[in-house]
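Below is one structure, written out as structure tokens; comments come after it.
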Amino acid sequence: MESAQGMPSHLKRPMKLVTSLVIWYGTFTVGVSISFLGAGLLEFSKKFETNVTTVSKVFSILPIAFLTGALLSGIIYRYLSRSVLSGVFLILMGIGIASYPLAPSLPVFFGIAVVAGFSAGGYDTAQIVWIIELWSGEAAPYIQVQHFSYALGTFVSPMIIRPYLAEEKVIMAGVTNSTTDEILEPVKSQLWIPFLIGGSCSIFGGVALLILTCLKNRGSTISGNQEDAQPPDPKTGQRFSHKIKLIVLSSIILGAYCGMEVYTIQFIPTFMHFIPLKLAPSDGARILTGLTAAFMIGRGLGVFLVLRIRPEFIIVGNFVVILTGNVVLNVIGGTSYEMLWGGAVLLGVGFSVVFPSFYGFLEKHLHVTNVVGAVITSSSGLIFGLYPAIIGTWIEQNPYILMYTNYGSLIICSIAFGAMNWIVSGVREGNKGVNGYVGGKEELSGGGGIELENKGN
């Protein structure tokens with residue numbers, strides 16, 4: 001029988017790899033789908049005969065649904081099969097994604113977002129904790145591969161949707177230009193095709209998880225019946241107040257950072273449409289492809305970097321790159337097509353390894369269970385949910401609101417991460433338990449981390 005926590009960390013290495021591959025594919029499908037709404041925002045505003053501000057309310061609905069799904073699933077996973085529910089969540093998310101272009105009205109469109117967001121939150125809570133449990137003590141490079149899969153999906157996404165976006169072509173003395181706003185001749189888009197592709201990818205991932213679970217329950221892939229056994233965790237002996245502080249700071253960091261990363265990717269095509277250059281949606285999607293390509297390559301390199309460089313150093317370095325890219329877009333990107341590309345690529349590089357490196361850092365100092373993962377994900381969602389309300393409201397009047405929110409996010413993340421390092425340093429001094437950072441993990445001799453007990457484990 002399978003435990004409610006999913007597949008255990010003591011599995012043989014081949015089975016761990018197979019399980020990880022299926023989880024990584026599910027994460028890839030999330031990445032494929034994540035950019036579709038942002039790239040198609042102008043198309044949906046035309047479809048529903050309204051403005052971008054109204055349609056962008058979907059980006060406020062999604063995080064609320066995501067937060068609810070993350071919080072409830074963290075509780076449900078203690079009692080029901082995580083692998084089965086993860087598969088169901090991926091299937092529901094895929095159905096929702098494929099249904100967006102078919103929505104006959106804006107309320108139905110928003111209702112679909114509730115289903116897709118709730119399902120994404122449920123899957124997101126499971127996948128990060130699942131990888132940490134599978135590769136307990138050596139999870140850092142596998143977390144990087146997991147988020148490389150997400151980055152690969154975001155890279156593929158604009159290439160899928162771009163051919164189906166409407167292009168605004170200017171007919172003037174035989175000259176065609178898609179970046180101005182003279183006499184426009186719209187070309188009809190077919191958004192249902194890329195959304196169907198993205199939804200199908202997600203449904204396939206859910207089916208794969210369910211098949212893997214069925215094989216496991218039949219005993220064809222796992223010998224023995226030891227799922228409930230858990231290896232001893234070295235992250236013990238710390239004060240409860242330190243645990244709470246780490247959870248609170250983690251929620252702040254992830255909320256501010258994810259809001260910056262996700263909504264930069266979602267809104268950058270719209271940003272490029274309203275700056276002085278006034279790029280067409282298809283041109284914005286082209287530059288988004290450059291951003292996501294840098295994002296993907298950076299995450300691929302991160303798999304190897306995390307084996308040699310401490311995650312906190314990687315995080316700080318990436319914050320500097322994000323700041324540089326943001327300044328480029330803010331100061332000179334609005335009037336230079338080349339600088340738009342340069343700033344977007346810098347943002348892609350900067351975003352590439354912050355999230356997985358942070359979880360690699362967190363795994364060394366806090367026992368991340370389903371409940372802890374759900375608390376962090378849902379709490380960070382409270383911050384995350386503010387971004388679309390701010391950006392979506394103002395981006396038509398002042399597109400640089402996207403850059404201003406990024407500056408604020410970097411300040412919040414830097415202060416919170418500094419405080420977190422200060423707490424962790426105090427714990428290390430108290431325990432004298434960290435011998436070094438070797439092969440993507442810290443060697444602990446006396447309990448250098450912090451555990452928050454999950455009675456469901």
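Cβ atoms here come from the backbone N, Cα and C positions, even for glycine.
Marked as transmembrane segment by TrEMBL: 21-42 (among others).
Under the heading transmembrane segment, TrEMBL lists 54-77 (among others).
Remote same-chain residues near the transmembrane segment (84-103) are listed as 6, 26, 29-30, 33, 36-37, 40, 44, 47, 69, 73, 76-77, 109, 112-113, 115-116, 118-120, 122-123, 126-127, 130, 191-192, 195-196, 198-210, 213 (criterion: CB distance under 8 Å, separation of at least six residues from the stretch ends). Per TrEMBL, the feature transmembrane segment maps to 84-103 (among others).
Within the chain carrying the transmembrane segment (191-215), a Cβ under 8 angstroms from the stretch's Cβ atoms is held by residues 2, 18-19, 22-23, 25-26, 28-30, 32-33, 36, 40, 43-44, 81, 83-84, 86-102, 157, 160-161, 164-165, 221, all 6 or more beyond its ends. Taken from TrEMBL, the feature transmembrane segment covers 191-215 (among others).
If one looks beyond the transmembrane segment (246-265) by at least 6 residues along the same chain, the residues whose Cβ comes under 8 Å of a Cβ in the stretch are 34-35, 38, 59, 154, 288, 291-292, 322, 347, 351, 354-355, 358, 362, 365-366, 372, 375-377, 379-384, 386-388, 391, 402, 405-406, 408-410, 412-413, 416-417, 419-420, 423-424, 450, 452. The feature transmembrane segment is assigned by TrEMBL to 246-265 (among others).
Note on the transmembrane segment (285-306): residues 35, 38-39, 140-141, 144-145, 147-148, 150-152, 154-155, 157-159, 161-162, 165, 265, 268-269, 272, 279, 314, 340-341, 344-349, 351-353, 356-357, 360, 440 of its chain, located 6 or more positions outside it, place their CB under 8 angstroms from a CB of the stretch. Feature annotation from TrEMBL assigns transmembrane segment to 285-306 (among others).
Beyond the ends of the transmembrane segment (313-333), by six or more residues, the same chain brings 260, 275, 302, 305-306, 339-340, 342-354, 357-358, 361, 400, 403, 406-407, 410, 413-414, 417 to within a C-beta distance below 8 angstroms of the stretch. Annotation source TrEMBL lists transmembrane segment at 313-333 (among others).
The feature transmembrane segment is assigned by TrEMBL to 339-359 (among others). Outside the transmembrane segment (339-359), and at least 6 residues removed from its termini, the chain residues within Cβ reach (under 8 Å) are 128, 132, 143-144, 146-148, 151, 250, 253-254, 257-258, 261, 264, 268, 272, 277, 279, 287-288, 290-299, 301-302, 305-306, 311, 314-315, 318-326, 328-329, 332-333, 368.
Taken from TrEMBL, the feature transmembrane segment covers 371-395 (among others).
Among the features that TrEMBL reports, transmembrane segment is placed at 401-424 (among others).
Nonlocal intrachain contacts for the transmembrane segment (371-395), taken as residues 6+ away from its ends with a CB within less than 8 angstroms of a stretch CB, comprise 52-53, 56-60, 62-64, 66-68, 70-71, 73-75, 77-78, 121, 124-125, 128-129, 247-248, 250-256, 258-260, 262-263, 266-267, 270-271, 274, 401-402, 405, 452, 454, 456. Remote same-chain partners of the transmembrane segment (54-77), defined as residues 6 or more beyond its termini with a Cβ less than 8 Å from a stretch Cβ, comprise 4-6, 37, 41, 44-45, 48, 85, 89, 106, 109-110, 113-122, 124-126, 263, 266-267, 270, 370-371, 373-375, 377-378, 381-382, 384-385, 387-389, 391-393, 395.
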